[in-house]
C-alpha cells in the first residue's frame, strides 16, 4: 500500500454502543469454502446484517441530499425517466450492499448531470451515451488492473485534497439550498428564502439544530453518567445523598440515550414528505400508480459524439478520483476490518452504466460524499443501502415517474441540511494531514478545485506540487523510492 503517512485519525462513530461493526470470521468467506453455496449465503447474511435498526434506517437517508436534487432536476428539465432510474439504482444499491457489506452509495454522475442542465441540446440520448462510455472506460481500467495501479501511485495527501474539495463543495451547495429559493431544473437561485413558511429558513435551522443535538459532531458516546457504588452504612446521610444523585443521573442517562438514539435524518426526511403534501394538496390527484415503461434508448451518431466530448471526458477524472480512489481510501478508513480494492469499485461502476444506461437510467457511480453522509447518520452495513435500494425499487414500481410531482414539493431547505452534514463529514477526513507539506498539497488541490470548479484541474496541480516537493527532498540525498512512498529506508 502506498499510503504511508502518519496513521489516520479514526473516523468518529455517533452510535458506537449500538452499531459497532462486527468482523466477519474468515472461516465463513466464500473463498475459504471454495465459493460454496453455504459460504456465499453466510457472506451475504454477514454483509446485510443490521448493526442497529434505527441507525441503518437513519444512515439510508444520508445520501438523499445529493441524489434527490440531481435526479429531480433532470426529470423536470430533460424528461429523464425517473421510474426507470429508481428501479435500476435500487437494484444497484441492493447489489453493492451484498458485495461490500458497507453503506456503499449509488449517486448520479455529477459532471454529466451538470452538462445536461446547462446545455439544452444535451438530452437523454447524450446523457446515456456519456454514461455508457464512462462506464466502459472504468470497466476496462478495472479488469486490466490499471485502476489499482493508479490508486497505489496517488499519494494520501492528494486523496485528502480531493475529499476536502468535494466535501466543501457539497457544504457550499447545501448552504445555497438553505439560504436561497432554488429552481432545480435550471440550477439557478431565485432570491433569498423567506424566514417562515413550509420551506423557510426557520424550518431548515430547526432541522439542522435537531440533527446536531441528536448526532452531535459524530463523537463517540462515552456512556454518560457512570454509576459509582457507595459503601456507606444505613445511617450514613452522605451515602443516601449519593444514592439519590445516582438515581437522578440514571434517569438523565436514560433520557439522553433515548434522544441520542433517535433516527434524526429519517425523521427530518419524513417531515419533508409530509410538508410536500401540505404545500400542495392537488399532488395526490397527479399520482399515477404503476411502473414507467422501460424502453431501449435510441442513439444517433451525433449523440455518441456529443456524449463522449461533453459528457464522458469531463466525467472520467471525477469518477476515477472521487468515485473510485477517494471511496476506496475512505472505505478503508471507516471500516478497517473490510477489504476494498480499486479494481472491484471500478468494475462495479463500469457495469452499472454499461447495463442501465441503455434503458434510460441515469448514469451512476459511487461517491465519497454519499458514503460519508450515510456513515455520519449511522449506516454501518450493506443492509443500510440495501434498505434504501428496496425503497427505490418499490417507489419505481408503484409510482414511477409520477413521484416527481411529490418530490417537486419537497422542501429544498431540508435537502440542503442533509447535504450539509454529508459534505462536512467528508471534508473532516482531511484532518489527519498533520505535516506541513501534506497540508500544503491538500489545500492547493482544494483551492484550485473550488475556484476552478474542476476536480481534475485540482488533482493535476496537486500532483505537480507533490512531485516538486518530493524532488526538493531528493536533492537532500534521500532515495527516490523512499521519498515518493514516504517510507523510511528500513521500511523499504
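Placed from the backbone N, Cα and C atoms, the Cβ positions cover glycine too.
Positions annotated as region 'Disordered' by TrEMBL: 1-31.
The compositional bias 'Low complexity' annotation in TrEMBL covers 20-30.
Annotation comment: TrEMBL describes 80-102 (among others) as transmembrane segment.
Proximity of distant same-chain residues to the transmembrane segment (122-143), defined by a Cβ-Cβ separation under 8 Å and at least 6 residues beyond the stretch ends, is recorded for 74, 78-81, 109, 112-113, 115-116, 150, 297-300, 303-304, 306-308, 310-312, 315-316, 319-320, 324, 342-347, 349-354, 356-358, 360, 362-364. Per TrEMBL, transmembrane segment is recorded for 122-143 (among others).
TrEMBL lists 150-175 (among others) with the feature transmembrane segment. If you look at the transmembrane segment (150-175), the same-chain residues 6 or more away from its ends with a CB under 8 A from one of its CBs are 1-5, 65-66, 141, 320-322, 324-326, 328-330, 342, 368-369, 372, 416-420, 422-430, 432-433, 437-439, 441-446, 449-450, 455, 458-459, 462-463, 466, 484, 486.
The transmembrane segment annotation in TrEMBL covers 195-214 (among others). Within the chain carrying the transmembrane segment (195-214), a Cβ under 8 angstroms from the stretch's Cβ atoms is held by residues 178-179, 259-260, 262, 264-265, 267-268, 271, 275, 278-279, 411-414, 416-417, 420-421, all 6 or more beyond its ends.
Under the heading transmembrane segment, TrEMBL lists 258-278 (among others). Here the transmembrane segment (258-278) has Cβ contacts under 8 Å with residues 14-15, 18, 54-55, 57-62, 64, 198-199, 203, 207, 210-211, 213-216, 221, 284, 377-378, 406-407, 409-411, 414-415, 417-418, 421 of the same chain, all six or more residues outside its ends.
Among the features that TrEMBL reports, transmembrane segment is placed at 340-361 (among others).
If you look up TrEMBL, you'll see 382-404 (among others) marked as transmembrane segment.
The transmembrane segment feature in TrEMBL is assigned to 410-428 (among others).
Summarising the annotation, TrEMBL assigns transmembrane segment to 440-469 (among others).
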Task: Residues from the same chain, set at least six apart from the ends of the transmembrane segment (80-102), whose C-beta lies under 8 A from its own - done: 24, 44, 46-48, 71-72, 74, 124, 127, 291-292, 294, 331, 334-335, 338, 340, 344, 348, 352, 355-356, 359-362, 364, 366, 371, 379-386, 388-397, 399-401, 403-404
